[in-house]
Amino acid sequence: MPTNFTVVPVEAQGEERGPPERDGQRQQQADKDEEKERGAGDGTARESSPFINNAEMDRENLYEGKNMALFEEEMDSNPMVSSLLNKLANYTNLTQGVVEHEADEDSKRKEVKVPRMGTFIGVYLPCLQNILGVILFLRLTWIVGTAGVLESFIIVFMCCACTMLTAISMSAIATNGVVPAGGSYYMISRSLGPEFGGAVGLCFYLGTTFAGAMYILGTIEILLTYISPSAAIFKAEEVGEETEAMLNNMRVYGTCIIILMAIVVFVGVKYVNKLALVFLACVILSIIAIYAGVIKTAFDPPDFPICLVGNRTLSKRSFDVCAKFTESNNETKTTRLWRLFCDSSLLNATCDDYFVLNNVTEIQGIPGIMSGVLIDNLWSAYSEKGSIVEKKDQPSVAGSEDTKVGGLPYVFTDIMTYFTMLVGIYFPSVTGIMAGSNRSGDLKDAQKSIPTGTILAIATTSFIYLSCIVLFGACIEGVILRDKFGEAVNGNLVVGTLAWPSPWVIVIGSFFSTCGAGLQSLTGAPRLLQAIARDGIVPFIQVFGHGKANGEPTWALLLTAGICEIGILIASLDSVAPILSMFFLMCYMFVNLACAVQTLLRTPNWRPRFKYYHWTLSFLGMSLCLALMFICSWYYALVAMLIAGCIYKYIEYRGAEKEWGDGIRGLSLNAARYALLRVEDGPPHTKNWRPQVLVLLNLDSEQLVKHPRLLSFTSQLKAGKGLTIVGSVLQGIYLDKCAETQKAEENVKALMGIEKTKGFCQIVVSPSCRDGISHLIQSAGLGGMKHNTVLMAWPQSWKQTENHFSWKNFVDTVRETTAAQQALLVAKNIDLFPTNQERFTDGNIDVWWIVHDGGMLMLLPFLLRQHKVWRKCKMRIFTVAQMDDNSIQMKKDLQMFLYHLRLNAEVEVVEMFENDISAFTYEKTLVMEQRSQMLKQMQLSKNEREREAQLIHDRNTASHSAPAVKASVAAAAPEKVQMTWTKEKFVAEKHKNKETNLSGFKDIFNMKPNQSNVRRMHTAVKLNGVVLNKSQHAQLVLLNMPGPPKNRKGDENYMEFLEVLTEGLDRVLLVRGSGREVITIYS
């Protein structure tokens, strides 16, 4: 089967060359594209993405052939497949997303070198270097001695399990796309959103910074305790001041070293990176020396004798011979040890009781792996601060309790020890698992290297730690293990005593490794802060995004050194370790949460290459992190959470305008969907009822809101609770009004922001306003989250003849809300309503309760008074008593009803006696009906004029058409209007219309008012008089809104009745209930 083939371009004949104008346009477009490739005018290069809507697409290639002419419209925004594949082939895993962090440098950045680092060099070794460190050399033996082998094993296993589970989650996230610089911060922020990302990113930054302080403190401890004790500036003048002197030395030396390290990092960070392998070599050589020393103890244990008095361990710094006296030339001489416990060197001197009663013995500090000392070291030996380190099974005679032990050469514990505290001190020794993910841009295959390298590094270090615990417990005597600073072995590093060939291998190795780790922290932390600052999600740290011309984070380095100095001033390694444990644990907790959220949501973009993860593992890791936080130190945990919470709320408050497709947004959508499906089951119980408002706004020709106070009133009524939909209708066709719709939506949303109205905006385009409002009432909202109340402004200009549709739309809206079983609120004189900035210092909210419609009238004032605008207003309730009612009893019943409703309000019953209809009412009704009739006549005459114009048009059309056509039309439709007109017929028709109109207008002035209308007008006038009498000066009047007439002919009269009812009042809210109870007396 042949496999060779040739691709021949097919060209249309005669189209070898396009027209010159098109070539010119192409050249201009090419110039524009070239300019885009160079970078935008602001100096920030665009992200080079091969996907849809790519601005840098070579547009001149799109239309070269005519084969794809059918898809020309799509090609403006979507690339051809061939072009897409070409872009993907030239796509590196570094540029995507790095733009977000290093936008300023992109324009200056030269072509990126192809990354070449493999799993071993790129991930495994950096993780190894970051995990193994100061705690292993300085504190692990002490933890084993204090907690015992079993509890130490539990501590290490918990911490290693925590990091292993976190590494599994991190591997899933890191292999779900490219992770640029920023490491864990980038992963969390892109998975959980800017708020979580910023909060946890800053916590991770603080953790890394305090880690730097811890490494520096470790460096100084090695220097002053084990390498050169004489270099101490502060000396202990009195007994018991040793610890304070040591802390002061730490502060002075620490400050000097941090300044020195900051200068080194500032001058040349590349040298720090080059030295990293040297520091790592020191760590590995030290660990090999420990294992070699353990093997050697099996057949040749080193000679490190320990001196004991009874069962108490002695510090060998002050004496050389472990005995009370020595025999020399048949003469007994007291030793230096004797002189430390007695008041003179004479044999009959007064000595310490315990010293006299107990023998001085010497035992081997490192009996070896075959000695069986492991059994003694299995169990814990926690102690109080200042207690003496004692050997458990050694015989001892207790002295008098009054004897003071201070100043005697015993080995004392410097802090109180307990299980949870040791967890906090140990945990920093397992941190550093993010080192590989931070280097993802330099890896040959990040998706393969990160999981493999990180998990292997954690497995290796876990094995080292767990095996060291068992080996330390099996080789070293318990009192030596509990001797934190090696005082019983002449001030040697305890781990060093075990090492082969010399303790100095460990001392020098640990010194350089802690020094290197401190430099690495001071290098990494500022870059992390710079990445967060450049994202722009935490405004107050944006200044730290700037740096030197080559991108080095100068300002961030200064801040890091400053925070590091705080850790140095604390000065105690055991106090700093739990602080950074908190921040790292919080960071790991959110990495696990991010993985669990993404897995449970099953978002389409969640496709990690690393398959060995599960949401249960992530959840277990998250729970373990949280548990460890509180195990280490519950108050530090609360402080760390408070810091993270404050940053979270700050970012949320300042509005992190970032859309990163994060999981929390997906979680919100899932939660919303779940809640909506739950709410769909049925209408809410009366106790849960609250007004879910659809606000109908009117827009002017510029798409601006006519009555902004309507939104002010909405926010006062809602106070951010429940559902608010702000809707408006544009008249026209949607295809023609797209731009206007967008503009209107922007304007409405901007006003909602100003008025602090929390809700949704919905703009509908419809051929008529009437239909648009109907669509909104029917379809706004979703599922159970639909509105139950409509709020609109009273149409002020309804009487104007050119605006005769406004009142028709209004009355139809009233009818539709009633049909939809929705409440209706109509605000009259809305422009007189208060803004959100105004405050009523006194006044009343008056409720006129004429008809019971579910209790809306009672609930609304209560809701309004929750807002600071109306808070100081008093609520008054008026009800109307008829002739047959007992007004005193009515008042008592109403007061009892309000008491059960838990509402505070003044109650008044107004008596309205029946009397004759006044002439004023009769006349007002007559004027109303005459006006209505006149409007109808005017409308009719307008219709007639339109009909005349149509007839003339038809006549002209007919006179120009063929006679045959006229005949056929007449034959086909004899019942239609005759198409042929004569002058006489036209004049006769015109006179006939005039006479009809004149007779109609004469009838208007001779008519008598309808009795039903007179009665209604009588009610409106009387009620208006009563309301004016009682509530003219009220801040707000709430009234029952009467329903529209069933007969549509009386619609304009209905508007007149409402106008009369509310005449003379400043602010009125007409309320029409939904037909269901909205307030209840029951709990």
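Cβ atoms here come from the backbone N, Cα and C positions, even for glycine.
Positions annotated as region 'Disordered' by TrEMBL: 1-58.
The compositional bias 'Basic and acidic residues' annotation in TrEMBL covers 14-40.
Residues of the same chain lying 6 or more positions beyond the ends of the transmembrane segment (117-140) and with a Cβ under 8 Å from any Cβ of it are 214-215, 218, 221-222, 276-277, 279-280, 283-284, 286-287, 425-426, 428-433, 435-436, 439, 442-444, 448-450, 452-454, 456-458, 460-461, 464-465, 468-469, 472, 484, 493, 495, 506, 509-510, 513-514, 516-517, 520, 573-574, 577. Taken from TrEMBL, the feature transmembrane segment applies to 117-140 (among others).
Among the features that TrEMBL reports, domain 'Amino acid permease/ SLC12A' is placed at 123-297 (among others).
Residues or ranges marked as transmembrane segment in TrEMBL: 152-175 (among others).
Marked as transmembrane segment by TrEMBL: 196-217 (among others).
Per TrEMBL, transmembrane segment is recorded for 252-269 (among others). Long-range neighbours of the transmembrane segment (252-269) within the same chain, counting only residues 6 or more positions beyond its ends whose Cβ lies under 8 Å from a Cβ of the stretch, are 213, 216-217, 219-220, 223-224, 233-234, 518-519, 522-523, 526, 552, 554, 557-558, 561, 564-565, 568, 571.
For 276-295 (among others), the entry in TrEMBL reads transmembrane segment.
Per TrEMBL, the feature transmembrane segment maps to 415-435 (among others). If one looks beyond the transmembrane segment (415-435) by at least 6 residues along the same chain, the residues whose Cβ comes under 8 Å of a Cβ in the stretch are 123, 126-127, 129-136, 139-140, 143, 146-147, 151-152, 155-156, 158-160, 162-163, 166-167, 170, 183-184, 207, 211, 214, 380, 382-385, 454, 457-458, 461-462, 465, 574, 577-578, 580-581, 584-585, 628, 631-633, 636.
What TrEMBL records for 416-694 (among others) is domain 'Amino acid permease/ SLC12A'. Taken as a whole, the domain 'Amino acid permease/ SLC12A' (416-694) shows an average pLDDT of 84 in this prediction.
Long-range contacts of the transmembrane segment (455-481) within the same chain: residues 119, 123-124, 127-128, 131-132, 136, 140-142, 144-146, 148-149, 152-153, 156-157, 160, 163-164, 167-168, 171, 287, 290-291, 294, 297, 304, 306, 308, 313, 363-369, 371, 373-374, 376-378, 381, 389-392, 411, 429-430, 433, 436, 488-489, 494-495, 497-498, each at least 6 residues beyond the stretch ends and with a Cβ under 8 Å from a Cβ of the stretch. Per TrEMBL, transmembrane segment is recorded for 455-481 (among others).
Residues or ranges marked as transmembrane segment by TrEMBL: 501-519 (among others).
The transmembrane segment feature in TrEMBL is assigned to 555-573 (among others).
Per TrEMBL, the feature transmembrane segment maps to 579-601 (among others).
The transmembrane segment annotation in TrEMBL covers 613-637 (among others).
Annotation source TrEMBL lists domain 'SLC12A transporter C-terminal' at 824-1083.
Residues 162-163, 165-166, 168-170, 172-173, 176, 184, 187-188, 191-192, 196, 200, 203-204, 206-207, 210-211, 214, 424, 427-428, 431, 567, 570, 613-615, 618-619, 621-622, 625-626, 628-629, 632-633, 636-637, 639-641, 644, 663-664, 666-667, 670 of the same chain lie 6 or more positions beyond the ends of the transmembrane segment (579-601) yet place their CB under 8 Å from a CB of it. By the Cβ criterion (distance under 8 Å, sequence gap of 6 or more), the transmembrane segment (276-295) is not counted as touching the transmembrane segment (196-217), fewer than 3 such pairs being found. Using a Cβ-Cβ cut-off under 8 Å and counting only residues 6 or more beyond its ends in the same chain, the transmembrane segment (613-637) has close neighbours at 158-159, 161-162, 165-166, 168-169, 171-172, 420-421, 423-424, 427, 578-579, 581-582, 585-586, 588-589, 592-593, 595-596, 599-600. Outside the transmembrane segment (152-175), and at least 6 residues removed from its termini, the chain residues within Cβ reach (under 8 Å) are 143-144, 184, 187, 191, 419, 422-423, 426-427, 429-431, 433-434, 437, 440, 446-447, 450-451, 454-455, 458-459, 461-462, 465-466, 469-470, 473, 585, 588, 591-592, 594-596, 598-599, 608-610, 612-613, 617-618, 620-621, 624-625, 628.
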